[in-house]
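As structure tokens, the structure follows; a few thoughts come after it.
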């Protein structure tokens, strides 16, 4: 009886769970969210998703519920666009990312938990990101927001970004620490962001985050991952490590004069913070990064020996943080603040009010736009008093007088600037009426910009500026008239753009780029996972495989060439009846170069295709014509003549036996204009024509050849007459080695002309067969 009751109770519980599961499934229906039917095609689903995504995107729709609606739309499309997930949802009602029976049971239990316990905070497991009350929701990032706002803003302040997702126990574990760090760092000026990997997969993949939780920093558009334990101090040190190391200079009594005098070269005010800690505070470093283009920052540790001289000179209270701003005068600060706890807003307001020198030098068009903005209305007029001076007069009396005048007449509507005439010649010549009258002297102009295209109205003092009291009186009178009548600026011109004087040269920019690339590579090599490193490793191993493969093939090729280069012990020399071949002495044989010096192959029907017909483009085969009787002597001379040209990999060397392939040679010579008198085949001396010593340079790809024809000597003509007598039955005359070697005496000069491309080329329609 008890077993029966227990069985009924279990059945009732299972039915109750299934009913609750069915009810919970109604909470989220991807078909209902996208407004499509269950039989909709992928094209219809995609079309509906694009329409709803454009309508409910948080960047375009300002409705308070737009973000939640957009998340539901993305989640619905993620399920229905994947056939496997769509089938799983249709069969089991699984609307999440988990698949399979085990995941399905977990999903059903989760929805049962959410419907049975109405307050999920009872168990303190905030798995559902749509319902949890977390600090992350305030900092959620979308891809467009990241690209259009976070990346450009990272050039002014670093960003700390966390990658999270649903069902992430580690994310829950680090949330208290994350909340504490965010509250501190955001107050110091660090940007905060959170990316939900489930809904912003594109952004998570773009950031290179393949696991959750992940924490990364972004500065100057560069991404750096956090790899230490998630504790407060480590995260603070990570943010500090993102900042460049040269933002704040350590200043002591030995180098403070040099530091403050840097305004002349850097064209910036210089800030000094006197603090009681050995290192500069993080707030000060973040401020230095935000205003690095406008102010140079230094830090003085008041506990260092010898600093008393500085604190006494500038009247600094060493028991409270003190910040001083120096401009053109290094003996007295232009402004100062002192407080027990310097806040971010106080420091930013202080720096903003002192971003520029009293009389800044116009070094770029960007600075010109900031100091002399375009007039927007009659109440927002901005005038610029420009001192056009030579660079050598920077510290002279006229410049000092201009500074003192600027200090005494500082107004919201008037800016004082100066320009080096030698560096901005076009700009100076436009404002000065008579450039020759102001040669080597200073001039002062008052101008007002009318538009961004460079149109200005101006008035230039007639006489050069010497800094005298009369000059100051005249300039003050001009400003008084301008205050009463804006039309006082009677001249009009279009100013050319200023040259950027402080821009780094190309070599420095290239070195900076290489340095950044190497640092990024080293960072990824140390900390990236295998998924990120696989393409790089594949490229490296492929390059190494090709390199070593080429070396091994070349080594085997060289060994084969050396093996084939050993000459045979004896050279077969055919003998003719009634003729005695000349014997080589040891002295003459020692002059024969080793076969390894010049590799000469015989051109036969076997090697004809590879050595000529299918020769690679740009390669040529230099062929020596010889007979069986002249083979040894001509090859010896040929090797000596072409030895200096064997360094070229595009030249190949061969020899052709005249006794075997006379017809092939006669066919080629027919295309050579006056290269040699071609005998008629009915001539009785047709087969007696001597072509030994001829050399042909054959270009197999372009189908042309160049011809070397040896010059006949007196000895050769005598030998020729002997050959005629031999044909009549008389004994032939002997042909010594000297006349044969003389045939190729001019070959080296011919080879030089061949490489120069100055030889005559004889083209043929196609290469004949070599029988």
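Cβ coordinates come from backbone N, Cα and C, glycine included.
Note that this is a predicted model, so its numbers are computed, not measured.
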Swiss-Prot annotation (region 'Disordered') - matching range among 559-590, 591-622, 623-654, 655-686: 559-590
Which range of 533-553, 701-721, 722-742 is transmembrane segment, per Swiss-Prot: 533-553
DSSP-derived helix, strand and coil totals, residue by residue, for the domain 'Thioredoxin' (116-244): 58 helix, 23 strand, 48 coil
Cβ atoms near residue 628 (N-linked glycosylation site) (within 10 Å, other residues, all chains): 15
Residue counts (helix, strand, coil, in that order) that DSSP gives for the domain 'J' (29-93): 45 helix, 0 strand, 20 coil
DSSP-derived structure type at residue 628 (N-linked glycosylation site), helix or strand or else coil: coil
